[in-house]
Amino acid sequence: MAGREDPPPEVHIRVHSRRGANTIHPVEADTPPVTATSAPPSPNTAVYGEIKHFKKWVPWLIPSFVVVNTVMFVITMYVNNCPKNSVSCVAGFLGRFSFQPFKENPLLGPSSSALEKMGALDVSKVVDKHEGWRLITCIWLHGGVFHLLANMLSLLVIGIRLEQEFGFVRIGLLYLISGLGGSLLSALFIQSNISVGASGALFGLLGGMLSELITNWTMYANKVAALVTLVIIIAINLAVGILPHVDNFAHIGGFLSGFLLGFVFLIRPQFGWVNQRYAPTGYSLTSTKPKFKMYQCILWAFSLILLIVGFTAGLVLLLRGVDLNDNCSWCHYLSCVPTSRWSCNTQPVSCLSEQTGAGQYTLTCSNNGRSKSYSLLNPTTSQIQGLCVQLCR
């Protein structure tokens, strides 16, 4: 009809999944170019190009973290040098890379002294010798092959997907800060043993996934199913932490840090704002949409305040040598629940050493009173300590 104008082109949003049909992913609508061999496009025709706010990243940082953790374990085994510092070793054909005896380290790994040399979390050294760097270095060390494999497989499964969606900067910061949070809470509750492992940082990634689901709630299709699945996975992993010799305080600290960081780092703009931001020329907007919803902004500000206050208070308490177990009589059950099958007694072992003859030494465990004689030729302190650990367990 004469005098009738075509309506302005619409902004198209195509929906597809990045998490098993649970997320929606907008793309930019662009007008296709006109060529000599193509018919003029309809005003309502659009092609799709990925917009920067939902860009799919190529993951490289998380695989790099896996490589770094593996290299650090190899270096730790080299420093450990079991044949020189222990009477017996597992997999002796590996030479200085062989493992400590099973009674000393059932995870197929180095001795506690080797881990301590490499930067394990030792609260006494953090407080008395001001070695605060151990709060970070400990997350790059592992107690054994089994420990390393479990953490690195989990990191690949969880971390690569997150890095694809949010990029290496945000996920890298989430990983490192969560690891620091896990180390900090662990140091405030477990002060008699050293601690190593990337578990706190891994739980931070899980916590970030949960808060990302909450803050970007409207962008999920099967949101309830995704929430229930994620909560079950987190609950199972935290439940494993009540077993002995597992630092569940690092898990809890990392999870809480990652949960709060997710509201800060993993917030996404709303589709209404995306529509107007990438609207074609000539498209009339009926109303202006905010980039983020009000609840997203509230969660962002509240989480950032809690993070600053929490980390500041934690560091002050740690540097003052505070043991939070003195103020919480039941908190130790969060890390280990004693049963008839296992004990939660993880006090450091000590032994009395007595030379009874040429090359003959008798060790007596101060923890359980057991005694045993050994034939040793000029034993080193590390050898004595290793035998003491085996005797007391």
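Going from the start of the chain as shown, residues are counted 1 onward.
A Cβ is built for glycine as well, from the same backbone N, Cα and C atoms used for every other residue.
Pulled from TrEMBL, these are the features on record:
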- 29-41: compositional bias 'Low complexity' (COMPBIAS)
- 130-266: domain 'Peptidase S54 rhomboid' (DOMAIN)
- 16-41: region 'Disordered' (REGION)
- 57-78: transmembrane segment (TRANSMEM)
- 139-160: transmembrane segment (TRANSMEM)
- 172-190: transmembrane segment (TRANSMEM)
- 196-217: transmembrane segment (TRANSMEM)
- 224-243: transmembrane segment (TRANSMEM)
- 249-267: transmembrane segment (TRANSMEM)
- 297-319: transmembrane segment (TRANSMEM)
Do we see three or more Cβ pairs under 8 Å linking the transmembrane segment (249-267) and the transmembrane segment (196-217), pairs being at least 6 apart in sequence? yes
Same chain, outside the transmembrane segment (224-243) by at least 6, Cβ under 8 Å from its Cβ: which residues? 19, 22, 203, 206-207, 209-210, 213-214, 251-252, 255, 333-337, 342
Over the domain 'Peptidase S54 rhomboid' (130-266), what does the predicted model average in pLDDT? 92
Which sequence positions outside the transmembrane segment (172-190), separated from its termini by at least 6 residues, show Cβ-Cβ distances below 8 Å to it? 61, 65, 121, 123, 126, 134-136, 138-139, 159, 162, 198-201, 203-205, 207-208, 247, 249-258, 261-262, 265-266, 310-311, 314-315, 317-318, 322-325, 331-332, 335
Could you give the residue numbers and ranges of same-chain residues that sit at least 6 residues beyond the transmembrane segment (57-78) on either side and whose C-beta is under 8 angstroms from one of its C-beta atoms? 96-97, 99, 109-110, 114-115, 118, 140-142, 145, 148, 151-152, 155-156, 159-160, 162-168, 171-172, 175, 198
